[in-house]
Amino acid sequence: MSKSYLKNFDVIVIGGGHAGTEAAAASARVGCKTLLLTQKITDIGVLSCNPAIGGIGKSHLVKEIDALGGLMARAIDYSGIQFRVLNSKKGPAVRSTRAQADRILYCQNIKKLLKKELNLLILETEVKDLIVKNYQVIGVLTQSNMSFYSRSVVLSTGTFLGGKIHIGLESYSAGRKGEKASIDLALRLRDLPFRVDRLKTGTPPRIDINTINFENLFVQHGDVPTPVFSFMGDISNHPLQIPCFLTHTNEKTHEIIRKNLHKSPLYTGIIKGVGPRYCPSIEDKIVRFPDRKSHQIFLEPEGLTSIEIYPNGISTSLPLDVQKEIVSSVKGLEKSKIITPGYAVEYDFFDPKDLNLTLESKWIKGLFLAGQINGTTGYEEAASQGLLAGLNAALSAKDCKQWFPRRDQAYLGVLIDDLTTQGANEPYRMFTSRSEYRLTLREDNADLRLTEIAYKLGLVDNPRWIRYNEKVLNISNEKNRLKKIKIYPKSSDSTILNQLFNIVLTKEINILNLLKRPEITYENLKYLKNFKVGISDLEAAGQIENEIKYEGYIKRQLEEINRHLKNENTPLLPTYDYNKIKGLSHEAVLKLNDYKPVSVGQASRISGITPATISILLIHLKKEYYKNHLS
């Protein structure tokens, strides 16, 4: 696409955060002329809060974004300054990669990836209004009264819609420190048929690294070998790896906080929005867990060249003088200096129950919402929604069928189903525990689950498609090879198994079945004399091992998925008036009319909808079928 001035686009994306960048890139990748509008081009892809990508459940989303051709995994591979696998001693379903990020490098790498998208134009301007005609979005209006027109719009405004920052009892309008909130657009959106509420998030003070005493603090190094996020990535992509440090709050810290709760906007009623349950402020921790003697604080570098340390664990909106007292009471931070105060930010979000599973608004055709505007918290949750919204905005612009993953296909499927079915009364964060199919939704198989779909949708380029097919072939060939290699009871390899792993063979066994034993890994097969490693790709080797070890469990889970798919594939029309279906309880009628589920499966996951309600719906659908087809 020519980068010259244009007014007409296929897709317009509002907001250059994690949701917006993925949305813009996805739309451009599938061939749509795309415009990304952002208040500050320099802040595209910025890590507003913690300088890290991944974590429990979140890393699965990053892997899925990558399998769908997205940006986040590739950007963090080139920006991560410490990589670790969390839950490494647990089963593969809950193992989660986490990377400490260099803030500057991460932004730079996101911008580099966006520059490669030939169908994408980026413009620095603020949007003040949507142009809507007959409940169809047709464009946007900027603060300078410039109009841009499109067939689809993605709204990914983060914390900027009506954003308000709180430090102590003082507050001011802002979407992020040093950046103005989007007030005109927030007011305009409240005039549209959306259900709007407020949420809150927060961030800790930043500390000058040169004023910290690291002696006697616990040092936390990254993993060796260093993990990689992208299926196209390599360890050689990583910059210099550096450690983090661990310290703790103490009784003195807690007493300072208790004495100053009357200065907290959280406890004086100034902040109305609900904060994230799984990332509470230090004030919340002290109030909610009064018996705890200490709380962890991870001292995380913000980059290789940055002098700022992010003290993960003490998010706060107390006044600056109190923040200084809190920090100075902590071991290693006695003489430290705060560079930037912590703060809380309140912002508008829209009820995600008003969205289809494609993230298109039920009320405004062509309008897609992604990220914190949908009630989520976290970069990874935002980015995955952005990719899906951008893809479907592009498909809508092309008059093509839209796509979304099911719960059994991806954590992204779990995320959007939870949001559109349950809504968000508090900021939604992804965990592996949210999925009932987590054994088949592992980090390591995200590409096997999604890349073929992505290729058919136009999201994946040829190099990735070739790499994917090579991996699939290598896994298949190696499994067949392992099946043919046998170990006999009186062989030298049988003796080795007995000596190293206390395994006594009474009959012959092939290597594939040997891998089912918990003590045997693909890596330690190298101790066998008659075995040679047949695959150099460690990721593919791990895939083989996981599939073999958990074969029985995976088989049962797949059978369960097939049983549930019958209900998932039984549609419910959005035009149904549930008042007219006999036998439904008053509560069921209210909830079904409110949520408008798209399938019987989705209806079954609405809080308060009982198995009896589902039976009544199925009977009604059966009667309706016979009425329409046999009359």
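If you go along the chain as it appears here, the first residue is 1 and each next one adds 1.
From the backbone N, Cα and C atoms, a Cβ is placed for every residue, glycine too.
Annotated FAD-binding residues in Swiss-Prot are GLY15, GLY16, GLY17, HIS18, ALA19, GLY20, VAL127, SER182, and among GLN372, GLN402, GLN409, GLN422 the one listed with them is GLN372.
Neighbour counts were taken at the CB atom with a 10 A radius for the binding-site residues ALA19, CYS279, VAL287; the maximum falls on ALA19. Nearest in space to VAL287 (NAD(+) binding site), taking C-alpha to C-alpha distance over the binding-site residues GLY15, VAL127, GLN372, is GLN372.
Cβ crowding, taken as the number of other Cβ atoms within 10 Å, peaks at LYS285 among the binding-site residues ARG277, LYS285. The Cβ of GLY275 (NAD(+) binding site) lies under 8 Å from the Cβ of LEU199, LYS200, THR201, GLY202, LEU266, SER281, ASP284, ALA344, GLU426, PRO427, each of these being in the same chain and 6 or more residues away along the sequence. Calculated from their C-alpha atoms, the gap between PHE289 (NAD(+) binding site) and GLN372 (FAD binding site) amounts to 28 Å. Straight-line distance linking the Cα atoms of VAL127 (FAD binding site) and ARG277 (NAD(+) binding site), rounded to a whole number, equals 31 Å. Between the binding-site residues SER281, GLN372, the minimum number of other C-beta atoms within 10 Å of a residue's C-beta occurs at SER281.
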